[in-house]
Every structure is written in structure tokens, then in C-alpha cells.
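Here Swiss-Prot flags CYS36-CYS85, CYS44-CYS78, CYS45-CYS63, CYS86-CYS100 as disulfide bond, drawing on similarity to another entry. Annotation source Swiss-Prot lists N-linked glycosylation site at ASN48, ASN67, ASN97. Feature annotation from Swiss-Prot assigns signal peptide to 1-17; the stated evidence is sequence analysis.
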Amino acid sequence: MQFTSFAILAISAVASARVTRRDDSSATGADKGGTCAVGSQISCCTTNSSGSDILGNVLGGSCLLDNVSLISSLNSNCPAGNTFCCPSNQDGTLNINVSCIPVSA
């Protein structure tokens, strides 16, 4: 009986252990939220200069690559429908003439 009580107490202690959040401020691609593929970054296209379609946001808009994460897009820091996974160079700049994939939240 005592062993069962101890086992139940130990299992509940392990199950209720608090998980610490890792700092992903320097993570990119698949490391940042597990949403984008390796070599891609989450970007937020905040303006639309060539119509109301998605390509207008990516090709003609202002896409921010820094300080954008899936969590910020879900917290309405990035307007709905304007969060994309865009391929990036090793220096973190956005590649020209490549397709960005919309992230659906």
C-alpha cells in the first residue's frame, strides 16, 4: 500500500513538473516554433502596395524578418493572413523572386 502511494505521488510530481520555455530569439527556420522548413524564416508582411492578394503582400509589401515568431503572429502582432515562411540567405536577408508560403494559424 505504501509503495503504491509513493508511486502515485512520484508519477503525479513528474507529470506536473513545469516545463521551461527556451529562448528562441536567435532561432530561425525549423528551430523557431517548428513551423518553417530549414533555411526559411517566419516573416510578417504588414503593408500591401499592389492589390489585396497574397502576392501583393509578399512581392510589393514590407516583410519583416526580425523579431517575428509564430507566437507573435498568433497574438495578433502580425495582421491575419500576413504571416509567411520565406526562404532566407545565411545572413538573414530575404531572397528575391522566391515564393513565400502562407502560415495558417
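Cβ atoms here come from the backbone N, Cα and C positions, even for glycine.
Shown on the structure are the features that Swiss-Prot records.
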{"residue": "CYS36", "record": "disulfide bond", "DSSP class": "coil"}
{"residue": "CYS44", "record": "disulfide bond", "DSSP class": "strand"}
{"residue": "CYS85", "record": "disulfide bond", "DSSP class": "strand"}
{"residue": "CYS100", "record": "disulfide bond", "DSSP class": "coil"}
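Of all Cβ atoms in the shown protein chains, 24 besides its own fall within 10 Å of the Cβ of CYS36 (disulfide bond). A gap of 11 Å separates the Cα atoms of CYS85 (disulfide bond) and CYS45 (disulfide bond).
Taking the Cβ of CYS85 (disulfide bond) as centre and 10 Å as the limit, one finds 22 other Cβ atoms among all the protein chains shown. Checking the disulfide-bonded residues (CYS44, CYS45, CYS86) against CYS36 (disulfide bond) with a 10 Å Cα-Cα cut-off leaves CYS86.
Summarising the environment of CYS44 (disulfide bond), the number of other Cβ atoms within 10 Å of its Cβ, over all protein chains shown, is 23.
Cβ neighbours within 10 Å of CYS100 (disulfide bond), excluding its own Cβ and spanning all shown chains: 24. Here the disulfide-bonded residues are CYS45, CYS86, and the one with the most other Cβ atoms within 10 Å of its Cβ is CYS45.
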